[in-house]
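Participant: According to TrEMBL, the protein has these features:
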{"type": "DOMAIN", "residues": "80-306", "note": "domain 'Peptidase M24'"}
{"type": "BINDING", "residues": "His145, His243", "note": "substrate binding site"}
{"type": "BINDING", "residues": "Asp162, Asp173, Glu299", "note": "divalent metal cation 1 binding site"}
{"type": "BINDING", "residues": "Asp173, His236, Glu268, Glu299", "note": "divalent metal cation 2 binding site"}
Amino acid sequence: MLSALYRRAPGQFLCRSFFKFGKNKEDIGEWQKIFEAGKVSPEREVPDNIEKPPYYYQINSVPGNTLGSTEIKNAQQIQFMRGSGKLAAQILRYCGELVKVGRSTDEIDGIAHERIIAAGAYPSPLRYAGFPKSICTSVNNVACHGVPDDRPLADGDIINIDVTVYLNGYHGDCSKTFLVGNVDERGRFLVDSTRECLNMCVALCGPGVPFNHIGRFIERYCKERNLESIAAFIGHGIGSYFHGPPEIYHHHNDAPGKMQPGMTFTIEPILSLGGPDIALLEDGWTAVSLDGARSAQFEHTVLITETGVEVLTKVD
């Protein structure tokens with residue numbers, strides 16, 4: 001959720017541009033392209049009794065720093081992470097039940113907000129670096145960070161819903177792409193492929209596994225299926241902070257570092273039927289594909305254990 005933008009900095013493992021031209025990929029199908037943001041409703045209230053993250057009180061909050069050493073969580077912290085991850089997954093599943101033709105993403109946001117508050121949690125995106133709503137809703141050619149608005153969902157849309165909650169001082173983060181009505185074959189292929197890609201990435205994880213194995217696998221996977229990974233956005237460490245180390249790249253890279261028991265982070269590939277190039281709409285948040293192609297995203301928060309990996313955002 002609200003992934004950090006891909007960094008341009010010295011070092012071989014960071015030397016890849018957002019923009020790669022000349023890719024012979026295009027999204028052929030019928031769907032409504034998003035060219036501008038819709039009307040956004042006022043900020044929703046959060047009761048005084050709900051524990052809020054520090055950035056709630058900051059006028060000009062900035063995204064968390066994802067560089068540095070990765071935190072190794074103790075048993076108590078892991079239990080808190082399990083609680084927030086489970087709630088996030090439950091809210092996401094309920095949001096999926098709300099997806100239907102004619103319903104606006106703002107309406108889904110409002111219901112999700114109330115559900116999160118009722119559970120005694122805080123909707124993490126709200127006020128994070130100035131984000132105005134409680135979840136992210138990214139439709140069709142919106143790659144990520146779509147702001148819920150008054151646009152009604154249309155037959156044939158695909159929509160990613162990204163939910164993060166702050167419960168007992170810890171964040172849980174997950175997302176899923178849903179089908180709206182009758183989606184064409186290419187759209188269904190994209191969604192199915194992205195779901196499979198995430199699941200296979202999770203299966204790679206375990207103690208001693210290099211972080212860069214995730215991105216290397218995603219690049220091979222995309223090449224086999226003539227898809228493109230949108231590399232501008234990354235997975236990230238998570239805990240009492242929304243974003244922290246490590247940075248998880250979703251493309252081939254040589255980034256150093258290995259997974260260790262007690263680490264928690266997100267894996268959240270965004271795969272496109274077109275190219276990887278993105279731009280932001282005037283709201284400063286909504287990231288759309290430059291070529292108008294659709295993309296899909298799936299995300300889990302995972303915990304590295306002594307023997308493998310545990311998905312913290314999976315509903316039983």
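One-based numbering along the chain as shown.
Using the three backbone atoms N, Cα and C, a Cβ is placed for every residue, glycine included.
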Participant: Using a 10 Å cut-off, grab the number of neighbouring Cβ atoms around the Cβ of Glu299 (divalent metal cation 1 binding site), all chains included.
Facilitator: 26
Participant: Cα within 10 Å of His145 (substrate binding site) is the criterion; apply it to the binding-site residues Asp162, Asp173, His236, Glu268, Glu299 and give the hits in sequence order.
Facilitator: Asp162
Participant: Report, as a single number, how many Cβ atoms besides its own are within 10 Å of the Cβ of His145 (substrate binding site).
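Facilitator: For His145 (substrate binding site), the count of other Cβ atoms within 10 Å is 24.
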Participant: Taking only the Cα atoms, work out how far Asp173 (divalent metal cation 1 binding site) lies from His236 (divalent metal cation 2 binding site), in Å, as a whole number.
Facilitator: 10
Participant: Out of these binding-site residues, Asp173, Glu268, which one has the fewest other C-beta atoms within 10 Å of its own C-beta?
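Facilitator: Lowest Cβ count within 10 Å among the binding-site residues (Asp173, Glu268) is Glu268.
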Participant: List the binding-site residues among Asp162, His243, Glu299 whose C-alpha is within 10 Å of the C-alpha of His236 (divalent metal cation 2 binding site), in sequence order, or say none.
Facilitator: His243
Participant: Going by C-alpha distance, which of the binding-site residues Asp162, His243, Glu299 is nearest to Glu268 (divalent metal cation 2 binding site)?
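Facilitator: For Glu268 (divalent metal cation 2 binding site), the spatially nearest of the binding-site residues is Glu299.
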Participant: Measure from the CA atom of His243 (substrate binding site) to the CA atom of Asp162 (divalent metal cation 1 binding site) and give the result in Å, rounded to a whole number.
Facilitator: 15
Participant: Using the alpha carbons only, what distance in Å do you get between His243 (substrate binding site) and Glu299 (divalent metal cation 1 binding site) once rounded?
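Facilitator: Each residue's Cα considered, His243 (substrate binding site) and Glu299 (divalent metal cation 1 binding site) end up 14 Å apart.
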